[in-house]
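Take a look at the structure set out below.
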Amino acid sequence: MAPQIQILSSSDAATVSKTCSEYSLSEAEFKKLAQMAAAAKKDAYCPYSQFRVGACLLTADGEFVYGANVENASYPVGTCAERVALGKAVTNQQRKFRALAVATDISPPASPCGMCRQFIREFCDLSMPIIMFDVKQDYVVLRLEELLPLSFGPEQLPSPSHAAENASTRVHV
Ligand SMILES: [Zn+2]
């Protein structure tokens, strides 16, 4: 059965305060995530779907990295806002994240697609909150492990050095 999803009001101070304490965010961080994810929608390149998505990551060292969706005439080539933001952060040597916000122009809020959930899984703790804002900046918040249960991640593969060892062993036998 699908889990019950609760849409929370970002204009209710007590609600925001409870969210922040539950997910170890300051209220300033929460507000900035909301603002930057919503503002990033302006940068979306979405001439085909007209479906703007903004995303904003909070890094472990307190930086905010935003992204927006980038579509393509060959539709499947398009990239979601979440992967654009993560790509920017990762290529800027950031590997630890505390939260991800995603903003769209619809209500109830949209959640990251399946491909993005797996992409997020590569770099973020299973307990990291993903805050999904709707057009009024009301939100749903879930941890990555709730959005992607029973997930497959990097620790389930042999470490690259171990894999290289196995490969060199195979060459010699
Ligand atoms: Zn996606």
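Cβ coordinates are placed from backbone N, Cα and C, and glycine is handled just like the others.
Because TrEMBL annotations are produced automatically, they should be read as predictions rather than curated entries.
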Listed co-binder of Zn(2+) (same site as Cys113, Cys116, source TrEMBL) among Cys80, Cys124: Cys80
Cβ under 6 Å from ligand 1: qualifying binding-site residues of Asn69, Asn72, Ser74, Cys80, Cys113, Cys116: Cys80, Cys113, Cys116
Pairwise CA distance, Ser74 (substrate binding site) versus Cys113 (Zn(2+) binding site), rounded so that it is a whole Å: 18
10 Å Cα neighbourhood of Cys80 (Zn(2+) binding site): matching binding-site residues from Asn69, Val70, Glu71, Asn72, Ala73: Asn69, Val70, Glu71
For the domain 'CMP/dCMP-type deaminase' (28-155), residues assigned helix / strand / coil by DSSP: 45 helix, 33 strand, 50 coil
